[in-house]
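Q: Below are the structure tokens for one structure; questions will follow.
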Amino acid sequence: MNALNIKGLTKVYKGGTRALNGINLEVKQGDFFALLGPNGAGKSTTIGIISSLVNKTSGTADIFEYSLDAQPVEAKSCIGLVPQEFNFNQFETLTQIVVNQAGYYGVPRNVAKERAEKYLKQLDLWEKRNQPARNLSGGMKRRLMIARALMHEPRMLILDEPTAGVDIEIRRSMWTFLKEINEQGITIILTTHYLEEAEMLCRNIAIIDKGVIVQNTSMKSLLATLNIETFILDLAGEHQSIALSGFEYRLLDPHTLEVDVAKEESLNNVFEQLSSQKIEVLSMRNKSNRLEELFVRLVESGREELANKEKTQKELANG
Amino acid sequence: MGNRTMIALQTLWIKECTRFLRIWIQTLVPPAITMSLYFVIFGNLIGSRIGQMGGFSYMEFIVPGLIMMAVITNSYSNVSSSFYSAKFQHNIEELLVAPIPNWVIIAGFVGGGVARAILIGIIVTCVSMLFVDITLHSIPIIIITLLLTSILFATAGLINAIFAKSFDDISVVPTFVLTPLTYLGGVFYSLTLLPEFWQWVSKINPIVYMVNGFRYGFLGVSDVNYMHSLGLLVVFNVVLLGFAYSLINRGVGIRS
């Protein structure tokens, strides 16, 4: 069964901005799904429509077996939302925020209090439970929003940049927590600008740009399409010129070499050539995250395609 | 009504009541102080020179109007500020993502405004008892008028907050509409003191009916027929609640 089934979803805001252009998207039950795209691509609008914060212009969205139009109460009950912005009352205590949220979903107060203890403890917020939310650090506020979204025990959790502005230690602990709840059966849809986060957590991925899905596949097969990886080598001593046959390379400064290595080529070949020139390599690293490279390429090629299409249409219109 | 809906309504109502009780220095104390000043200045100092009005001492005459004034102001400002703050801080989204029927959102916020209005009504009544012995002509009429008026102005506050785009927008209506209408609504005088033309003009002011309906409940005297007051309150409530429901249903001011 699909946890999310979107068909022909379109959103045109007042003033004519077309945020979504008839997108189709399926997310399988139990999946950990990444919805990626540059700023203004349509991610938050998609999430807004699914979670009833944005009115759609046309199209349909089904949450599990429920239609968002025909059975909104059932559909909404399945979703837990962690929005991008902090949207809780800063003057309420943590307990009030999470217990009230459970109440809005019809969870009795005594059950809500038990769940508040469970989730606030799991997210390491229990000690702060009686403090107003405004006293929390940024990372704690992010975790509070996750706890709040889980209070009605949803079948699907939507996380809109949940780790933005969070330090690496807390981010890693959040990843562990999210992996755990996904293993327990909760479907997770994640948007993030940290692409290593998506690569590490998600099994399937859709990339959206200018309101159009430009890629929708499994993370594995997407990464398999990456033909070239770029490595940065830190060299001992100073070098004004280097010769590497069979590779694209750039000497960034006298100590740093950047080399593009195709999938079928061996890194040993690079080292052998450097060694023969008596160049010692001190250390080596990837230029960027693999998914990041793919993301940039896909978005750029999607934009080129769109520009070409528009150009052709203009030419046809001008006769 | 399902149990889940009932829990959601109860949660929202408790949240709203907790909000105004948490900031009691801003919400409960000022009306008590303001009304005490009214009683001292208009009731004791000036009132003693005015003599009788409508067959009662001036102090007795103004008590129902002053209570009603506090009820109107507080029911309105409670909902307008609470709902607008929820919009401003985006925590209205907590309600919009939840499976709550739209009427529950209205009932929760309006219910909070009514609770504050009743509490303020009780406080002001207690304050007035320090200055004058209160007469109760009809408790049911007092309760009905109090409830209908507070629901009406709480709903009006909600509508104001739905359209508001800044904090200025929620202070414009109370300052430029509500306060003048209340002061000209027969709180401090009987309409019979006015020339005929201004009596007629005053009767266009809906607050005249609320103040006089409430006064009728306390003193058994009124410048207008109580049934007219009741009828008008019911009609205004139906119209404003219907309008608020239609706005929330369409997501005006709260959904993109």
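Note: Cβ is positioned from N, Cα and C throughout, glycine not excepted.
OK, TrEMBL features for this one:
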{"type": "DOMAIN", "residues": "B:22-251", "note": "domain 'ABC transmembrane type-2'"}
{"type": "TRANSMEM", "residues": "B:21-41", "note": "transmembrane segment"}
{"type": "TRANSMEM", "residues": "B:61-79", "note": "transmembrane segment"}
{"type": "TRANSMEM", "residues": "B:100-132", "note": "transmembrane segment"}
{"type": "TRANSMEM", "residues": "B:138-163", "note": "transmembrane segment"}
{"type": "TRANSMEM", "residues": "B:170-191", "note": "transmembrane segment"}
{"type": "TRANSMEM", "residues": "B:226-248", "note": "transmembrane segment"}
Q: Does the transmembrane segment (B:138-163) come near the transmembrane segment (B:21-41), with 3+ Cβ pairs under 8 Å (pairs 6 or more apart)?
A: no
Q: Which bits of the chain, at least 6 residues beyond where the transmembrane segment (B:226-248) starts or stops, bring a Cβ under 8 A of a Cβ in it?
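A: Apart from its flanks, the transmembrane segment (B:226-248) reaches 102-103, 105-106, 141, 144-145, 148-149, 151-152, 155-156, 158-159, 162, 206, 209-210, 212-213, 216, 254.
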Q: Residues sitting near the transmembrane segment (B:170-191): Cβ under 8 Å, six or more positions beyond its termini, same chain?
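A: For the transmembrane segment (B:170-191), the nonlocal Cβ contacts are 42, 53-54, 61-62, 65-66, 68-69, 72-73, 76-77, 80-81, 84, 153, 156-157, 160-161, 164, 199, 202-203, 205-208, 210-212, 223-224.
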Q: Are there residues at least six beyond either end of the transmembrane segment (B:21-41) with Cβ under 8 Å to its Cβ atoms? List them, or say none.
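A: Residues 59, 62, 66-67, 70, 73-74, 78, 116, 119-120, 123-124, 127-128, 130-132.
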